[in-house]
Structure formats: structure tokens, C-alpha cells
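Pulled from Swiss-Prot, these are the features on record:
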- C70, C72, C85, C88: Zn(2+) 1 binding site (BINDING)
- D460, D462, D464: Mg(2+) binding site (BINDING)
- C814, C888, C895, C898: Zn(2+) 2 binding site (BINDING)
Amino acid sequence: MKDLLKFLKAQTKTEEFDAIKIALASPDMIRSWSFGEVKKPETINYRTFKPERDGLFCARIFGPVKDYECLCGKYKRLKHRGVICEKCGVEVTQTKVRRERMGHIELASPTAHIWFLKSLPSRIGLLLDMPLRDIERVLYFESYVVIEGGMTNLERQQILTEEQYLDALEEFGDEFDAKMGAEAIQALLKSMDLEQECETLREELNETNSETKRKKLTKRIKLLEAFVQSGNKPEWMILTVLPVLPPDLRPLVPLDGGRFATSDLNDLYRRVINRNNRLKRLLDLAAPDIIVRNEKRMLQEAVDALLDNGRRGRAITGSNKRPLKSLADMIKGKQGRFRQNLLGKRVDYSGRSVITVGPYLRLHQCGLPKKMALELFKPFIYGKLELRGLATTIKAAKKMVEREEAVVWDILDEVIREHPVLLNRAPTLHRLGIQAFEPVLIEGKAIQLHPLVCAAYNADFDGDQMAVHVPLTLEAQLEARALMMSTNNILSPANGEPIIVPSQDVVLGLYYMTRDCVNAKGEGMVLTGPKEAERIYRAGLASLHARVKVRITEYEKDANGEFVAKTSLKDTTIGRAILWMIVPKGLPFSIVNQALGKKAISKMLNTCYRILGLKPTVIFADQTMYTGFAYAARSGASVGIDDMVIPEKKHEIISEAEAEVAEIQEQFQSGLVTAGERYNKVIDIWAAANDRVSKAMMDNLQTETVINRDGQEEQQVSFNSIYMMADSGARGSAAQIRQLAGMRGLMAKPDGSIIETPITANFREGLNVLQYFISTHGARKGLADTALKTANSGYLTRRLVDVAQDLVVTEDDCGTHEGILMTPVIEGGDVKEPLRDRVLGRVTAEDVLKPGTADILVPRNTLLHEQWCDLLEENSVDAVKVRSVVSCDTDFGVCAHCYGRDLARGHIINKGEAIGVIAAQSIGEPGTQLTMRTFHIGGAASRAAAESSIQVKNKGSIRLSNAKSVVNSSGKLVITSRNTELKLIDEFGRTKESYKVPYGSVMAKGDGEQVAGGETVANWDPHTMPVITEVSGFVRFTDMIDGQTITRQTDELTGLSSLVVLDSAERTTGGKDLRPALKIVDAQGNDVLIPGTDMPAQYFLPGKAIVQLEDGVQISSGDTLARVPQESGGTKDITGGLPRVADLFEARRPKEPAILAEISGIISFGKETKGKRRLVITPVDGSEPYEEMIPKWRQLNVFEGERVERGDVVSDGPEAPHDILRLRGVHAVTRYIVNEVQDVYRLQGVKINDKHIEVIVRQMLRKATIENAGSSDFLEGEQVEYSRVKIANRDLEANGKVGATFSRDLLGITKASLATESFISAASFQETTRVLTEAAVAGKRDELRGLKENVIVGRLIPAGTGYAYHQDRMRRRAAGELPAAPQVTAEDASASLAELLNAGLGGSDND
């Protein structure tokens, strides 16, 4: 029997292959695949249901319908295998050959393949250099094309209409050759000399200067070279032979009632065959040209529809008016072959059921219903029953299991022991959505889930369902246990923090037991230890919250890792002493000696993991959960209406607000404020009132007054149930309590605008009808948003996974010295993210020095773990250069040092880890939590007043970076540079706060001066931009002509007059070319020079500038010459949330991007056009100046004569990532994208490690554009894989040749996924047709490097445990020792089979 199995295994042996190539099929190739020509459109005989001969299901071509049996029934049984029946011509073999044998149709006239014709850019059109319209007119028989001009004046490829053709025939006779239809195009393609054409084009490319022409030429050269190199022939894009798909892949299925369901392909094939046969007949009869032509056109259309229905003209529809599904539709889209059957398969040995809570389970267990387990583990049970001799055959075992005999359950118990199962909850947004557990058999029909893993699954018990999968092989079980067990996934891969964290009831229970209460029963006792505390509590002698003294023994690890005991008397409460009993050895008592909220518990588990490792943490987590549940039950915390205490002040606050609103309304009616101002003010008033009410309410809820032991009143934190739930972090928030007991506040309309009448009632008082109606607005919008958000978030995740799927850690250290400089994230006065959080788990790129000395604090290539980070903090280091995947030098993949710590495991990452997918999941998974549109938080709270000063919060010294300044007449500094930053440095040299200081700010304190906390250090006018003089002297007006360039305005109230510069649009013709400016001269009337340059101090005034000086006035440096009003309220709606993240990763250009300086130099303005200004930057070194046209309405940040550096902002706006990359480099764009993405997530309180975003940025930067080819084979302007250029340049430099120069490109994630080198991966993502067309023409090889390609071809992925297998395969192939597959011929096999069968018959049945 063993030999038989061996033989059957040998039959299904797959070939070892390393790459997949796609190319055009030549007619001969198609004929070589084919097993015969399909000549008739018939499918099966309606009476006998046997396939018709030569038809679409013909058994002679495609193989027998029944296993080992010919059609007429002459040969049956295995012994005739391989015989071809002389009566019906069918080979006797297995039916499954009908899935792999192809046929063909010999087309009577060539037809163009629609993909190469219509998939843009049209390959045929590009190759022939003809417009697509013309080619189509030829193909569909509307005009002629000249193939050979001969001695006539007709050009090759010239298009002739019917009339022109007839005229030419009369004139030239047979001198020339012109045809129509696909034959003509085929002839043109055949007669092309590709190499010759390439040469001509390359010469042309070197001569031409026009940009568009060069682009077109490079496109053609690339296509021609692709044809030359891949060995494809252009004429193969025209089909002369059409392959026919094997019949079992387009089946005809009999339905009941004698009807048949058929695949649409059969209809499409039938049309082609019918038209082809008709055309053959017409050609034999030598029918008139016009009839033949029409038939040929119809054949072309039929073939088009078969290949890609609907690509040209109207789609051919079936009987039910639905377009037929063509071959192209079979593979593309969500229901296509790639995404439906290759990337997502359904698997056997799985089941699904509803989940319920299993609070008594251990962390590694799940409850599995007996019924399910019995079904899932059937084969194992059969095996065991046979092994034990309880059943003689499988059949008997089956019967036993069906009868559910008692012994079966015992066997099931054994089988299930230590056999993990996988639990999965859809949607699986990250890898923690599938984890392994050991099953525990339970009664009932619902799966029981451990409460602590709910956070990872995002599961709740309101009817969620989960699927169970059984890992069958030993390897699978091993992987499930070692890698996927829930106990091995304590930390989240997104941020390295524990994800097995108690929530809700457990938190409430722990919080309740660790709270203290004034004057509780048993206060002041002194106890010998936690055990006694528990005893007293159980006996009812002391309350859980009583403040007592307890003797506590703590254990601390010494240098050798041994535990040292330390006993002391601690002030604590009974509850905390009881909780201490479950805390593992090695943690300090201070960790539980506090009221434990959710954050504190999370920190406790994190500390436990870092100090003690995995096993104690898992046990501790379980114990915490049991304890939490127990004490939550004892606490009796519940929600009652009396817990919602409405503050007394509420009424008066609301009436005050109403009075203010009435006042504003009066002002509006008397015309003092505009409608917009009134609306804004009203909303501000209500937002403030709302805050006051909620503050009063929280103060009221937070504390209660009690009598202490000495009979005095004392404030203590309240034991109000609702407050406790919110305070502990178990459920609810201040905002929700506000709606219950304060006031509901302002509501938003569905479009995001705020309704100005707030809801003053709360839910305890109840809403009236109007208020209820307003509320429904917001509620419905919430639901609609959620639905949209989920879909959008899923799509973002899909794009991210696709772009990063092939990124795997492939080596230990690439040795690069490059890296990213990490600094703490500081916004305004607060540190949003300290340095330690940013560098923890990264590897240093260079030695970190002790600040102010040359001592090495941390050497290069050190993985910064917690202890190193403590050291950095102690020495107040505020910038560390760390390795990053963006600057990693590995060719394919990245190295472990550039990535750093594996966040989910806590050590440096292993080789073979799929970091790309992890990054994509970490960014995509919280996507559903991000709001679609940033809801105005609490209405108008997000609308802050315009900033006009900087007030520091801490004491320290000021440091100004890239600041230029002058001292004004009152001795204060005035800033005259654009992007000045002010940092506050504490006494250890750490940056505490950081602010942007605008141009024209007056500084109260200078660089390096000490300030106290709360001091204002800079002031400016937020509504105008000043023009500041850098020199002292007298003002001289130039080109300031009243009525032409300026106009005088007088203020009615003050009587002061000022000059206003007219915008060029408002000027008269005479004033158009004048450029109003203020010149500073000395007493003799000579120009004053700007210090440090040889430029005269002349300040050109932009339009709308207001001048409050008169000609000839004396001024001193730092004075304001003019003010340019800024359009305030120009804050456009910032896209927030998910769409913003998508925009960043898609690298979309913002609508009105900031304009950056392309080169460093001096600014001047050239000649203006109607709507634009000409900005000229002249480099200091005297090289070519750079010009750029800028629309006049853009506000410029620079004045004439100012010096800018490359990449400085010339005009404000959102920065375009492409500009940042071009002008400031890779690190700057990485920093930009990382910070912007983090801002969105931070706003939602989601923590994601920077490296995940960096991984995606690396993938966005994986293409480069060749600027100068050097000695390489690249084309100028060609876009190639960055790693390819790197490898090519390395080889060239090794041989002493000149490498190619290039610039890095930033692609959006969709573009980057489609531009990947693997066509299989790109085709399975989007735009399948285009990708495959392109790949086929270029004859691309897919090296199967990524994960997706390997999943599609059905082998282990080159990551994780499959990494070793692939490495091994490569190594063996390099050594040339791939084992040859044992060749079993059919003859040997049949002989051994016959032998076996005979032996089986002859022998007895009991073996």
C-alpha cells in the first residue's frame, strides 16, 4: 500500500521554479499547447448529453468525461490506460485532464488583441507611432492603410479613405499596396525592423530639445527595447490562432428540470466560432468584398468581447440583459481569480460560532463546544480509535463517532490535549486578530473567550462570531504554540505596550479595592501582613478602604539576578494589602499603593514584563483579572439616576450666557457687528458656558465632605458610582457625564457646521421636542460616518499592505552610518512626546556624546533599551542620531540594525520578520478609530483666538535658532527672519518648549537670557505683517504717486491719515510699471547699505500695504515702515483624520502648496505679467539665476533683496512632500510625513511607533529617475527601482566606470504598489489588465521575492518560518544540488499497481 501512496504522490509533484515569466504567445506556441482544433460551436448533444465531436466540449480534444473510460464505452478500467479508442478517438485517462488540456481555433482572418490595442497607452499605437483612432478605423474596416508606397507619393502608414483609395488605384494601379483590417496592421508590424528603429530613435533623442518630444521618444525606445530584449515579435499582438480554455474551467452544469447553467465564456466562444465558420464559407465562395469585410469586422468584435467584453463599444449581453463575463473579467476585481481564489481561500477543518465570556479560563485557554470539537477533530479521533483497536476500520470508527459512544468522548479529550486551535475574528485588521489557544471542552454551543484578549480582537459579547481553525501538521501546531499562542502576544506590535490589559469591570474592581476612605471601619490598625489583612476583612472587622499599617515584604533583584527580601511597615489600605498577595516577586509595593486606574494597571503589567519577563506577567495578568472581577462584584457600583448630580450653579450660568447672547443680538441689529461675527461670538459664549457648567458639575461630583475620626470635616474623593467609573477609566468620560448631568451643549449639523442654539438640558432633566430633534442630527451623522469610515479604513489598510508586503528583514547589519536625528516632539509649551519614547528600541547611528564633553555616553550600533534611555535622560541628551529603515543600505529588504527592536517581543528583530506587513497593519488597524471629519471638539472649542504673543511655562534660558534681528529705538530686539524658532532650555540643557516666532516680533528677552515661568517673551500683531527697516536714516519715497500707485486714507474717528499702496489690478495704466518703494538715505541723501551686504536699503511695498510715515521722516533701525494686512480667517478647513493620513501616504499635492526656494541666493522681482509676478533668485556664487512665476494673490514671505536658502518657504501654505524631497532631501521628507501622520493619530490618542511610518516611506521612495546615464544601460529620464541603480552603480564603480546620476522619487502608495517589479503582485492589486499588458509586452520575469507572489503561486512565503526554507533553497540551487525528482514512468507504475491489486486479492483480509 505504501508504494501506491508513493506513486500517487509522485503524480502530483510540482516542478521547482524560481521565477515566472509572462510574454506574448506566438501562433505556433498556441498550437503547441492545443490538443486539437475546435471547429463547431456545439457543446453537448441534447439527447445523449454527450459532448459533440469537434465542439467546445469535445472529448477527443479535451479528454474523457468519465475516469478511464472512452466516450463510446469500448474501453473501460485502468488497464487500458493510455489507449486511444479507434471508434471515438478519445484517449483513456483521468477526467481531470479536461481541466488542463487546451484547444484552439484557427481564425480565418487575423484579429487584433484588444488589450494591446485599447489598454492605454495603446501598445500597437506606440509601436507603429500611429494615433489609436487611425488604427481603429483600419481594424474596423473604415479606411485603408498604405503598407508599401512603392514609387508613388504615398507614405507608408498613411491612412486613405475609400474614395482616396479608389483615386490612388486609378492613378497608380499596382504600384502601391494598401489594405484594411487586422491583416494590414499585422503586415505593418511584421515589416518593422526593431533594432534599426531603435537606433534612429536614439539619434533623434540626442538631437531634440523639446521636453514633450523627448518624453514620447523615451516611451517608444523603452517599448522597442522591451520587444527586442524579451524576444516577443510585434506581429504576435495580432491573433491568428485563438486558444480555447479547457472545458472544465468553463463548465456546463445541468440544473434540475433539464435546463443547463453555462459559463458566459461558452457563449462568447460560440459567437467566435460561428462567425469564423461563416467567414471561412464566405471566403471559399469568393463572396463580394463588402460582405466579407463586414464578417471580418464581426469576427474582430467577437474576439474582442471574448478577451475583454465592454472594453470597446457596448458590452455584449446575454439573455438576461447582463453583460457577459469575459476572460479579463475572470481575473480582475474583488471577485476575480487573484483576490477571490488565490489570495483568499476557504479552508477545511474550521467552524464558527457566537462567543461568550469565559472569566474562569486561563490566558492560554478557550472554551470549545463539544459538538464543534468532535466535528473538527474527526480524523484524529478515527486514527486514535483504530490505533487503540476499538474500531477495526475507518468505517467502523465513523459509525462509533456518529453514535457518540462514551469512549469517543474520552478519545476526544486525549486528542485535544495540547493541540492548539486558532481563533479568528473578522475583520482581521492586524496579526493579533488570529491567535492560538488550547481548547477546553465545554457544554453548550458558544465558544468561550478569555476577557483579556478581547482588546486585541476588538471583540465584545453582543453577538460577535468567531471562527476556529485546526492546525493539522506537526509544524503548524508547533508554530501555533511558539508564535501565535495568546500568552506569547502580550505586547502590541504597533507600539510595544501591553495589549493584554484589563478593562471595564476588572479596572473598576481593582480601582474600588485600592481606594481609601476617611474614617472607615478599622482605621488605624497595625497588621502583621497581607494575610492578616484579608482575614480581618473576611471576618468583617475592617472595611476594604480602611487606612492601616501593614508589614510588607518586598523582593528586589540584585546584580546577580537573585531576589533579596526587604521588610518594612507601610501605610496602606486593607484592599491594597490584599492585592499585594498576587503581585509577583520583584515588583515594588509602591506599584499597588495607589488608587489603580486603567493607566496605572497597564503600567504595572508593562513594568512586570520588562523586569520579570513573559511567564510571571501572564500569570499576574490572569490573577489581576480574577481579583478584579471578584471585587467589582463586591463593590456594588452601579448607575442610578441619583448619581447624576446637577450643579446648582447651572441655572445662573445659563441665564448669564443668554443675557450675553441677547446683547450681541442687539449689537447686530444696530449694525455694530456683522452676521459672521455675531455667529462666532454666540458660539464662543455657549462653548464657554458649557465648559463652566461641566466644571461646576465635575467639582461637585469629584469630592464629598465627610467627618473624620477627630470629628472634623474633611474633603475626600467621592465614591459616586458614575464618577468612579469615569475616574478609573473603566467606562465613560467627563464629556459623557457632562451630557448626563451638565448640559448637552452645542450640536453640529451633518455638514459639520455648528447649530447656534445649544441644548441647555441634560439627559437627567430630559430633552424637549426641539432639543430632541436637534440631537437626532448628530446621532445619525455618527452612524453614517462610522459605516463610511470602516470601508475607507479597510481600503487604506489594503493599499498599505500592498505597498509594503515585500519588505522583510534580510540581514543583520548593512553597516551604514546614515540615520535620522531624533528630537523630542514639542508643540508650543508642552512636550508631546519625550525623546526616550522616540528612541527606545532603536539603534544608534553614531556615538552619543555626553553633552558638553567629548566622552562617549552610548557607543555606535547600540540597541537603546530602557536602561540606556534612563542614562540618556539622566545626562539630558536632547538629540540622538538613530538608524532608520529609510536610510538602510540593504538592496532587497532591510537590516535588523536599521529597524531595531521587535516591538512585540522586546529584543532586536529577527531575520525573516515581515516588517512591511506589520507596519501596514499597525497604521491601518486604528484607522477605524480616526474620525472622518474632525468634529469640532465640543463645538467651537477648536477655534482658538489668533496668537499674538509667546508666554513660556517653565523657567529656563531662551535659545533662538536661525534668527536675524535688529535692535529698535527702545532697545528691544525685532526679528527680521522668516522661520525663527524659539526654544526654552532648562538647567540641564534639555529643550522644554518650542515656538515659532513670526517676522516682525518684538522680543522682550534676547538669545541666552534667563526667563521665569509665565513670562511673555515675544509680541506681534497677528493681523498685519510689518515691513521692518534694518538701518537708521531718513525715509525717501520712490514711485509713490498719489492716485497712481498709492491713495491717501483718513480715519474718521482719529483724523490720522495713512497711505495705502494700490494693488496692481486697481492701478491706472500709468501706474502699472511703477514699483512703489521706501528707500533709506542718510542726511546727505546717499543710499544707506544693509549691514553685511553691498545692497542699498530699499524696501519694495506689496499691494495693500499701509504706510503711516511721511516722506523725509527720520527713522531708526527696527522701526516699522509699513504694515501689510493679513487676510485673517484664512484658516481653511484642515482635513483631519483618515483622509489626511490617506493624503499623506498617497503623496498628494496640496491645493495651494507652499512655494519653496529652488536654490540659495538673493531674491529680486522681474517683469510682471497680468496675473503673475516673476520671482528671481540670484545665487551668490554667480551661477545661473532661477526664475519662477508666482500668482499675484499668493502672499509672499520675502522682500526684495532678502537672502534665502534652498528649500526656504517663499510663500506660505501646506508643503508638498515632493518639493521637500527635491529641495531638502530624503530625511526631511521622512520627518515631514512621520510627524504629520503622528499628529493625526496623537489627536485621537493612538500610539504608533515612528518606525512603522518610516517603513512605508521607504517603500514610497523606492523609485529613482535617471538624470544622467553615465556608462549604465539606463535611459535618461527613465524611472527605475532605486536598488537597481544602486547595484548597477556599485558594479560600474568597481570596474572604474562612471555610474548613473539620479534623483529619488516619492510615489503615493497606490502608484508605488503598481510600480513594483513583481507583476503578479501589481496585477492582484489594481488595474489588472494594464499591469498584465505591460508585463507581457516587456516579457517580464517575476522573481517571486515578495510575500504576495508566493501566496499566489502557492508556496511558503519568504518570511517568518518560510524564510529559512527559501534561504535553504537558494543555497542549494547555488551549490547546484537540487534533488532530481524520482521519475516514475506510467509503465512501472501500472506494473506495481497491478502487482499491488493482485497481492491484495490473493492475500487475506486481516493484514
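Numbers here mean position along the shown chain, with the first residue as 1.
Positions of Cβ are set from backbone N, Cα and C atoms, glycine also.
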Distance [Cα-Cα, Å, rounded] between C70 (Zn(2+) 1 binding site) and C814 (Zn(2+) 2 binding site): 63
Winner by Cβ contact number (other Cβ atoms within 10 Å) across the binding-site residues C70, C895, C898: C898
Sparsest-packed of the listed binding-site residues (C72, C85, C888) - C-beta count within 10 angstroms: C72
Distance [Cα-Cα, Å, rounded] between C814 (Zn(2+) 2 binding site) and D462 (Mg(2+) binding site): 50
Zn(2+) 2 site shell beyond C814, C888, C895, C898, criterion: Cβ within 8 Å of Cβ centroid: E811, D813, T816, R883, V885, S887, D889, T890, V894, A896, H897, Y899
Neighbouring C-beta atoms (10 Å sphere around the C-beta of C814 (Zn(2+) 2 binding site)): 19
Sparsest Cβ surroundings (other CB atoms within 10 Å) among the binding-site residues D460, D462, D464: D462
Euclidean distance between Cα atoms of C72 (Zn(2+) 1 binding site) and C895 (Zn(2+) 2 binding site), Å: 65
Cβ neighbour count within 10 Å of C88 (Zn(2+) 1 binding site): 17
C-alpha spacing of C72 (Zn(2+) 1 binding site) relative to C898 (Zn(2+) 2 binding site), in angstrom: 69
Pairwise CA distance, C88 (Zn(2+) 1 binding site) versus D464 (Mg(2+) binding site), rounded so that it is a whole Å: 58
Alpha-carbon distance [C888 (Zn(2+) 2 binding site); C85 (Zn(2+) 1 binding site)] in Å: 65
Rounded Cα-Cα span from C888 (Zn(2+) 2 binding site) to D462 (Mg(2+) binding site), Å: 46
Other same-chain residues whose Cβ falls within 8 Å of the Cβ centroid of D460, D462, D464, the recorded Mg(2+) site, in sequence order: I355, A459, F461, G463
Residue pair C72 (Zn(2+) 1 binding site), D464 (Mg(2+) binding site) - Cα distance, angstrom, rounded: 56
Rounded inter-Cα distance in Å - D464 (Mg(2+) binding site), C888 (Zn(2+) 2 binding site): 43
Env. residues of Zn(2+) 1 site, Cβ within 8 Å of mean position of C70, C72, C85, C88 Cβ: L71, G73, K74, Y75, E86, K87, G89, V90
Three-state secondary structure, C814 (Zn(2+) 2 binding site) (per DSSP): coil
Alpha-carbon spacing, C888 (Zn(2+) 2 binding site) to D460 (Mg(2+) binding site), which is rounded to whole Å: 41
